[in-house]
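Okay, so here's the structure we're looking at.
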């Protein structure tokens, strides 16, 4: 029986994880649930899954949850960073699902790694912001790191065992690998007239053609910043050089990524676009369990298509690839700027195409600094957010 803590329990990844746990009740137990401020959702999850601990990041939300949670459930409600770090490092915890969106998930995820936990990584920002530190911490602690993002999970499944066992430290060329092909659907605006993009609304941007996701990642998919962040994540997870990584537009989202070998072989991982599949794979690895996802019906799929990315349509993708080439400072700046810009777009403060402008302005202007510690990373993140908000004020 694996005891699991779910960071981001009330989000879409959290819901999918709990669905897989419910389908395999003899193998997994919910030890802790972590959410920001969604009291009603957390209450429902506590009643359904009966964790030992329910942690609310928002202190007022924790008080509300304590007031409404039935005492008979005997669930401890906690709040504050110290309690959160205590939860993810607790001796009783075997596995941590790291699914808090954005920079907020970095510190607890890194602490789980340092504690040597089995970490299922759905928070791509952890590697985007702290790639080298994160990989080094994994190496020192002996933590097991498994990628949940559908693309990175697909790549992982297509790799030989010696690479799977050495994430972040592997040598792709020595294993006969020539390229990693990172696929992306192109989002809801793949075929939209370029002249119409500036007027696209948050509701339109969040209407992904294939995947069911939260608002932030949905907007990132529409700008293809999500693919850019995944490009950076892949660089750290698989220890790649820039020339070993390629982005391929694949509108059907059936092939989740591919690995090309020296002998001309290409191995692809395929399946219906449902996050329960990669989640179940990570939870059970190296075994396989029931995920609740219907198997792929090739006769219904009909055809698969592939295109090169259009950087005029997707400037955020180009910015992310450039930042990856520049290094850790640039990717930290880009991530922070993008979080501020996307939130402003979702709140109607800026237009869709202005997201890329905010990101570019921060990349050009925010002074870079040495990144030797988590404190350095968080300081640069905070500095970038201040500048991004100033940039918003100037263009709003």
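The count begins at 1 with the first shown residue.
Using N, Cα and C of the backbone, Cβ positions are placed for all residues, glycine too.
For the NADPH site that Swiss-Prot gives as 10, 11, 12, 13, 123, 125, the extra residue drawn from 186, 187, 214 is 214.
Residues 124, 150, 151, 185, 221, 226, 227, 230 are recorded by Swiss-Prot as 1-deoxy-D-xylulose 5-phosphate binders, and the candidate that the same record lists for that site, out of 208, 281, is 208. The CA atom of residue 214 (NADPH binding site) is located 10 Å away from the CA atom of residue 208 (1-deoxy-D-xylulose 5-phosphate binding site). Residue 208 (1-deoxy-D-xylulose 5-phosphate binding site) sits 20 Å from residue 123 (NADPH binding site), taking the CA atoms of both as reference points. When the CA atoms are compared, the binding-site residues lying within 10 A of residue 125 (NADPH binding site) are 230, out of the candidates 149, 151, 230. The most densely surrounded of the binding-site residues 125, 151, 230 is 230 (count of other Cβ atoms within 10 A of its Cβ).
In this structure, the C-alpha atom of residue 124 (1-deoxy-D-xylulose 5-phosphate binding site) lies 8 angstrom from that of residue 149 (Mn(2+) binding site).
Residue pair residue 13 (NADPH binding site) / residue 149 (Mn(2+) binding site) shows a Cα separation of 10 Å. Taking the mean position of the Cβ atoms of 149, 151, 230 as the Mn(2+) site, the remaining residues of that chain whose Cβ falls within 8 Å of it are 124, 147, 150, 152, 153, 182, 226, 227, 233, 234, 257.
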